[in-house]
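Inspection log for the structure reproduced underneath, given as C-alpha cells.
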Amino acid sequence: MSRRLSLPAGAPVTVAVSPVRSPGGDAVVRRGSGLTSPVPRHSLGSSTATLQVSPVRRSGGSRYLGASRDGGADESAEFVHYTVHIPPTPDRATASVASEAEAAAEAEEVHRPQRSYISGTIFTGGLNCATRGHVLNFSGEGGATAASRAAASGNMSCKMRGCDMPAFLNGGRPPCDCGFMICKECYAECAAGNCPGCKEAFSAGSDTDESDSVTDDDDDEAVSSSEERDQLPLTSMARKFSVVHSMKVPGAAANGNGKPAEFDHARWLFETKGTYGYGNALWPKDGHAHSGAGFVAADEPPNFGARCRRPLTRKTSVSQAILSPYRLLIAIRLVALGFFLAWRIRHPNPEAVWLWAMSVACEVWFAFSWLLDSLPKLCPVHRAADLAVLAERFESPTARNPKGRSDLPGIDVFVTSADPEKEPPLVTANTILSILAADYPVEKLACYLSDDGGALLSFEALAETASFARTWVPFCRKHGVEPRCPEAYFGQKRDFLKNKVRVDFVRERRKVKREYDEFKVRVNSLPEAIRRRSDAYNAGEELRARRRQQEEAAAAAAAGNGELGAAAVETAAVKATWMSDGSHWPGTWTCPAADHARGDHAGIIQAMLAPPTSEPVMGGEAAECGGLIDTTGVDVRLPMLVYVSREKRPGYDHNKKAGAMNALVRTSAIMSNGPFILNLDCDHYVHNSSALREGMCFMLDRGGDRVCFVQFPQRFEGVDPSDRYANHNLVFFDVSMRAMDGLQGPMYVGTGCVFRRTALYGFSPPRATEHHGWLGRRKIKLFLTKKKSMGKKTDRAEDDTEMMLPPIEDDDGGADIEASAMLPKRFGGSATFVASIPVAEYQGRLLQDTPGCHHGRPAGALAVPREPLDAATVAEAIGVISCFYEEKTEWGRRIGWIYGSVTEDVVTGYRMHNRGWRSVYCVTPRRDAFRGTAPINLTDRLHQVLRWATGSVEIFFSRNNALFASPRMKLLQRVAYFNAGMYPFTSVFLLAYCLLPAVSLFSGKFIVQRLSATFLAFLLVITLTLCLLALLEIKWSGITLHEWWRNEQFWVIGGTSAHPAAVLQGLLKVIAGVDISFTLTSKPGNGGGDGGVGGEGNDDEAFAELYEVRWSYLMVPPVTIMMVNAVAIAVAAARTLYSEFPQWSKLLGGAFFSFWVLCHLYPFAKGLLGRRGRVPTIVFVWSGLISMIISLLWVYINPPAGARERIGGGGFSFP
C-alpha cells in the first residue's frame, strides 16, 4: 500500500537524471513522482544526448520512492541530482503546515544549547568512598534530551529524508545517544555505518532485541566494514571524485562478486586535463588556460608531492656580521679577565691584605659566573613557522580524507588554579574563554581547569564561563577579533573598527560588550550569592534538626529520661557550603569540616561542556536560534571543558602544583587523550589565536618526533611603563632562551609550553644521540634496547635507565609483552590509562611522507570522530585522581612533573633533555602567543624571585645537578643548566663586593695599593668589552638598551635581597631538613576594568600596587648597603677635605664603586619612597642633616693623622 509523503510547501525535490537513449533511437522522457530517482549516466561529455527519467521502483521497505543505489544495469555508473522546487498546492496545504512546524522544531533542536548526561553530572569519589555521579538540576539551560522533547511533543516519526514511519525506541530511548529518531528499517540500513543525526557510530548497546534487526554475523561484518572505513582505500572513493567512466575497469560491475569496480591507478597517474577534468579535488587550480586540450609544451606535469616536501618551519642563524664579532668579543674579554686576575693575584696590597683577598675572591667568582652565562649564548638562532603549509598538509581534501576534515592531532589545555582569593575567578575565566576561542579544530581541543583548592566559587565561576562562551566564541569566529580574551579585547586602546567590513559588527560588538559586563557582575557577585545561599540552607537545616531533637527530647521526657531530653536540644554547629541545586558541595567548605577542608576533600570531575561532534554545526539568525548575535554560517560548537579537583587526604603528600599537573595528565588521558598538552597559568591568556597551530608546526615537521616541548616566551601586561623591577625579563626570554634554542633547546619555564604527552610519560626519544668531543659536537647514534635489571637498583639508576614506547605492533607483527607488562607498575593500576599510552604515541607521530620519518602514521588517520564520553569513562577518571593512586609508581620521579623542588618546571625540562629529547623556542612574529600578569609590587616581586632562587639551590644540591647529566645532553646545554642551579650563590660574593667600597672609604684603604695605569687599563678593557657585548646582544635579540639596563639593576637588587635568603633556606633544607613553604603570588583582578588586563584607568589607579610599600625582611640587606655606602661617601669626602695630605685617588676609586652600587639599587630606593609626591620635604631635610652629623662625628672620632694634635689641643671647631 502506497503512502503520500508529507512534504512542506515549497520543499525542494531531488531528481536524479541521466542521458539515455531508447532502443529505437528516439528520446523518451519518463517521469516519476518520487523524492529521488537515480538513473545511470554513461557519458557527461555527450552534448547531444537527451534526458530520460527512469521508472519509479520501490525499495524493500516500500518507503523510498526511487531506485536503490546498488541497483541498475551498471554499478559503475554515476548520477546527477537536480533540485526542483515544487510550489505549494491546495491539496498539500495541511501537510505543509505540519511539516513547517516539524522543520521549525528541528531547527530549534539544532540551535538550542543542550547539556548531555555527562555535562550535567558532577562525579565525585576517592579514598574510602564510592565513585558516584550527582545529576545537577539546570532548570533554565535546556537540560532535557532530544528524545524527551520529541516524546513530549508527540513527534515520534522517522527523521530520515523521505520517510515518515514511526520511530522505534530501544529500551525507551532512541538507538543513538544524540536522540535522532529513526525507524526500524532505516536503522537496519544504517546500523553498519554512522548515525544520520550526529554522524558518529551507533552506540554499542543500541541494537534491538529482535532477531531480524542485526545478527551476530552482521556485527562481524560491521566490524570489518568499520576497519576498512578507517583504512580509507582509494577504491572506496571511486564514486566521489570527478573521474570519467573510461577510468573504470570494463565489466567490473558484472563480475558477480558484488565488489565495486576497481580503479585503474596506472591510467590515473598519467591522465591529462582533457580526460581527467580540470579543477577537481586532486588537480591544482593554478594551471594555465588549456583546460580542455591536455598538456601542452608550456605546461609541466603537476608535482603532487611538492607540498609534502615543503617544510613547516624554518631555522635561521643570526647574521655572521653580528655573531662573529660577538664571539670574538667573548674571547677577548675572557683573555682580558684572565690577565687581570693574574695581575691582581701577583700584586697584593700589603696595607690591607684582608681587603685585597676579599676583592680577589669576589672577582674570580664573578669571572667564573660570567663565563657560565656567556658560553651558552654562542649559537643563537631564529625560528619561523608556516601556517599555510600546515593547513595545506593537514586540512585539505585528499584521497584518504575527501571531506577535508582536520588531520591535526588533539591538544589538551591545562589551566591551574589553587586559591580563588589570590587568583580571582574572573582572571581565570578570561583565560579559559581565550582558550575556547582559539583557532584550532574544535573537536581536537579540550580544556581542563585544575582547582587545587576545591572551592565552590571556582566551580560556579566556570559554569558561568561556559554559559558566556556560547556567545563569545561564535562572535570571535565570525568577526576574527584579536585578542580573544574579552577583558583584553574590550580594554585595548586602539581603533576596533580597523579592517572590519561587516555592517553588523558594531551592533553585535555592543551587544557582546554589554553581555560581558553582565557576566563580570555575575561572577563578582558569586561569593556573596554562595554565602547567602549557604546561610539560608544551613538555617533551614538547623530548624529541622532542632525540631527533630525537640520531638526526641519530648519523647524522652515522656519516657522519664530527662537527661537525654536535655542533651538532645543541642543543635549541630556544622556550617556546610551548598550548591545551587540544594545539595552539599563535595569540595572545600567555607567553614572547614571533616572531608570538606582544603587538604581533606573528595575528588571532583564535572564536564561543563561535552565533547563536540566531528561535523560542523552552523548557527542561524538570533531570533531563530535564541542567541544574542546572528551566527549564520558560523560554527557554534565549543571545545570540551572539564572541571577537575583532585582528592586530598591527611597523610598523603599532594606535591603542590606538580601533583595537580600529574592528576590532569591522567584525567585527560582517559577523557580526551590528546597527544599534545598545553600548560597555562590561570593568569596567562591566549593572545594569538593561531599560537597552537604555530606550536604544532614544530611538533609535526621533519625531526619533530624528537621534540619534547615547544616553549613560548612569557609576555606580561599591567607592568609600569618604566618596568622598574624588570618584570618583562626580556634579557632572559629574548637573549638566553634564543641562544639555548641553538643548542638542545630552551628550558621549561612553567607556563606557555606545548608538551608531547609521551615525553611527559618518561619515554626516550625515537632516535637517541650521545654527544661527545669538543663542545659536544660529535654525535653517536644509539640503538636502545631494554636492559634486564639484575638485583636492586637505586633511584638514580632507575631514572637513568631507558624506557622505550610499547609499540602498538612491532615490525614482526608481535607486541612487546615485557614492556607492556611493566607499564602498570610504572603508571598505576588503571587499565584504561595504560591502554591510552600507545594510542597517544601513534596520534603524535609524523606523517609517513615526511622526509626522514621511518615510523609515521598515514595521512587522514586522525580525521575520524572522537569516541563519545560516557559515565564509565568519567568514573575511571575519578579513580586516577585519588590521593593513593601514585603509591608505588614512578609518578613524580620519572613520569610527569617531577617532585621535590619548588621549581618543578626546570627539573621536568631537565629530565627530558637528559634523556636525549630536544625542545624548541617559538617566538610568534606578529602577535605575542600568550600574555599574563606580573607582580609590580616590590615585595611580591622579591618573593617571586626568592621562590625561583630557592628552587635553583634545591636543584644544585640534588641529583638533578647538571654535573651529573648523561652523555645525551650537549656540553653547552649542561653549562646552561649548571648556571641555572648555581646563580643564587653569586649573591654571597655580590653582598661582600657591594660592601667593599664602603669599607674602603671608611678605612681609607683600597683594593689595590695604588691606582696604576695597568689597573685602569684592565678596567677599561673589561668595561668596554662588556658594553660592546651588550650592544651586540641588543642587536640580534631585538631588545632595547633600557630593558638591558633594567635587567642589570634588578640583578643587583635580587642578588642582595632574595638570593642570599634562598641560599640560606636551601642550606637549611639540605642540612637540617627544614621544609620550605611559599604562598601564592596574588594576581591583580580585572573586574573593574581599570587595572588588570587591558585596563583603561589612569596611571595612578592602574599602578596603585607599584607605589604600595609592604615591609619584608628581604629589604634589610639592600637598605643596609645603601645607607652604608651613602654614609661612607660622606665620611670619606669630609676626611679628605680636612686632611693635610688628602689622597684623592683613593677617594675617587672608592666613591666610584659606591656610586656604581647605588645606581644599581636606585629602583629599589625609589620603590621604598612610595608614590611620587607623597614623601614630605622634611624627610629629605632631616636625612641630609643626619648624614652631615654622622660624617662630622666620624671625623671627630677618627680624625686625619696631621690634625690630631690640633684637634686634641684646642678641641673640635669648625674651620
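Numbering starts at 1 and runs along the chain as displayed.
Cβ atoms are placed via backbone N, Cα and C, with glycine included.
Summarising the annotation, Swiss-Prot assigns active site to ASP452, ASP905 and lists sequence analysis as the type of evidence. The compositional bias 'Acidic residues' annotation in Swiss-Prot covers 207-222. The region 'Disordered' annotation in Swiss-Prot covers 24-46, 206-231. The transmembrane segment annotation in Swiss-Prot covers 321-341, 352-372, 988-1008, 1014-1034, 1060-1080, 1114-1134, 1147-1167, 1177-1197.
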Segment-segment contact (the transmembrane segment (1147-1167); the transmembrane segment (1014-1034)) at 3 or more Cβ pairs under 8 Å: no
Range from 321-341, 988-1008, 1014-1034, 1114-1134 with most C-beta pairs under 8 A to the transmembrane segment (352-372): 988-1008
Distant-in-sequence neighbours of the transmembrane segment (321-341), which means Cβ under 8 A and at least six residues beyond its ends: 360, 363-364, 367, 370-371, 374, 377-378, 380, 1018, 1021-1022, 1025-1026, 1028-1029, 1032-1033, 1035-1036
Alpha-carbon distance [ASP452 (active site); ASP905 (active site)] in Å: 18
DSSP state at ASP905 (active site), helix/strand/coil: helix
Collapsed DSSP category at ASP452 (active site): coil
Neighbour tally for ASP452 (active site), based on other Cβ positions within 10 Å of its Cβ: 22
C-beta crowding around ASP905 (active site), within 10 angstroms: 24
